[in-house]
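Look at TrEMBL and you will find 7-358 tagged as domain 'AMP-dependent synthetase/ligase'. TrEMBL lists Thr149, Ser150, Asn290, Thr291, Tyr292, Gly293, Pro294, Thr295, Asp381, Tyr393, Arg394, Gly395, Arg396, Lys492 with the feature ATP binding site. Annotated D-alanine binding site per TrEMBL: Asp195, Val299, Lys492, in sequence order.
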Amino acid sequence: MVTAIDQIAQTDPDRLMYDDLGHTNTYGELKRYSDALAARLDALKLPREAPILVYGGQTFTMLATFLGITKSGHAYVPIDTHSPLERITTIDEIAKPAAVVAVEALPTTLPDTLVITPDDLEAIFGQPAPDYVADHAVSGDETYYIIFTSGTTGKPKGVQISHANLLSYVNWMLSDDFDLPQHPRSLSQAPYSFDLSVMDWGPTLASGGTLVALPKQVTDNFKALFETLPQMDLNVWVSTPSFMDICLLEPTFDAAHYPNLQRFLFCGEELTHATAATLHNRFPAARIFNTYGPTETTVAVTQVEITDQILADYPRLPIGYVKDDTTIKVVDDQLNEVAAGTEGELLIYGPSMSKGYLHNPEKTAKAFIDWHGQRVYRSGDLGVQLDNGLIMYRGRTDFQIKLHGYRIELEEVNHYLSQEAHIKAGVAVPRYDRNHKVNQLIAWIVPEQTELTELNLTKAIKENLQGGDMMEYMIPQRFVYKDSLPMTPNGKIDIKSIIAEVNQ
């Protein structure tokens, strides 16, 4: 990756690499900044195997920092500015980093970790460009990046993705399977702490394209979003289906107003038939791809182009064909392979499969298992492989869900509910729409004694949860109050019966 990106910088330094609402940066600047940071990190003589945390938002400086860390031989861990304080300190404790680069000011102190502050970074980038030789960059099976996903009881898991994993993924994205434009101008909307972002920066930077940033403050404001989007001149779109649903609310989001938009790539959650059909009607000449893959297998491992034929044949869309260098097996509860057309858990293996979770051998051993002498990843996803090789997604084996592209473990939500002062007992369950997509998280609550009305009680609970360490996207949208919760014969809360009732 480093060689490919640096080569573009050397042969065409003025080529546009980043466009942030009209503020642009070139490949030459990317090389100069990343070389300067790499030289500074080398001088610190940090232990090579220790990762480096990077705290910041969606900016050019973040990407230059990632590349500088890679050049100096370290893995990086992106942490988004919208993360609760507890998440930052927990990641710091788990990762045991050599340093943290604060692209934006850290909102908390990390007393045992060396911090490179925004002022330090500005000084590093402001120095004359060193004649840097990137001869000890991350390579092969060394870890390139670590993405922390949601974990049960508040403990996130750090998925380690190696340079070899990333190359397998990026080379596939640049293959005829997607046939991306020669000079992509790709939407960069997903935060860098979400591995969907690798789908935009990976293939775009490797092919000398331009990342066109859409910052959160714009996406959060519908009016600003549709003032900004038409000016971005995109030819490749990368997002979750949920974000596309927001964009399709605008009637002018169509081929007439976005004539250059020729590829749509979706990942992160299920693409519904309704979303794909509407998009296909609006952009009849564009090519739409549905992809699937857990963070643990590097962004995505299957793809299918959503054509008229696919829309006609499948009321629930397939997640695609597995990429050439990867294998997916469908197995039953006993891990025996099942026949085509039979539902089972998806086991995935190939060169883009992670080595496991950082400093977490127990969770690694549970998820990455030996299967007939082959190391495989147990996805926890249910699916069916059809005779023609297409794979259909059928949901989760556990109670982990996807809402608006975010992976949420219900046990983690329940953990936070159980700690809230007004709640005696509570569980969160998903509500599905008719396309089998989670559209709401609903909490069933047995409240403590209170004089509050249900409306005010809900307000108080939400305020407490928002003021704590819970990620905003994990807070249930609806609260239903009960005298008691149904129990299983084992004396556990009967979550399955609650899910059934909520989805009647």
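Using the three backbone atoms N, Cα and C, a Cβ is placed for every residue, glycine included.
Note on Asp195 (D-alanine binding site): other Cβ atoms within 10 Å of its Cβ, all shown chains, come to 25. Taking all protein chains in view, 29 other C-beta atoms sit within 10 angstroms of the C-beta of Tyr292 (ATP binding site). Rounded to a whole number, the C-alpha distance linking Asp195 (D-alanine binding site) with Tyr292 (ATP binding site) is 12 angstrom. In this model, the domain 'AMP-dependent synthetase/ligase' (7-358) carries an average pLDDT of 96. Rounded to a whole value, the Cα-Cα separation of Asn290 (ATP binding site) and Val299 (D-alanine binding site) is 12 Å.
Among the listed binding-site residues, namely Thr149, Asn290, the Cβ with the most fellow Cβ atoms inside 10 Å is that of Asn290. Taking CA atoms as the reference points, Tyr292 (ATP binding site) and Val299 (D-alanine binding site) are 8 Å apart. Other Cβ atoms within 10 Å of the Cβ of Asp381 (ATP binding site), summed over all protein chains shown, number 22.
In this structure, the CA atom of Arg394 (ATP binding site) is 19 Å away from the CA atom of Val299 (D-alanine binding site).
Proximity of Pro294 (ATP binding site) to non-local residues of its own chain (separation of 6 or more, Cβ distance below 8 Å) is seen for Ile348, Tyr377, Ser379, Asp381, given in sequence order. Candidate binding-site residues: Val299, Arg394. Fewest other C-beta atoms within 10 angstroms, Arg394.
Cα of Arg396 (ATP binding site) to Cα of Val299 (D-alanine binding site): a span of 17 Å.
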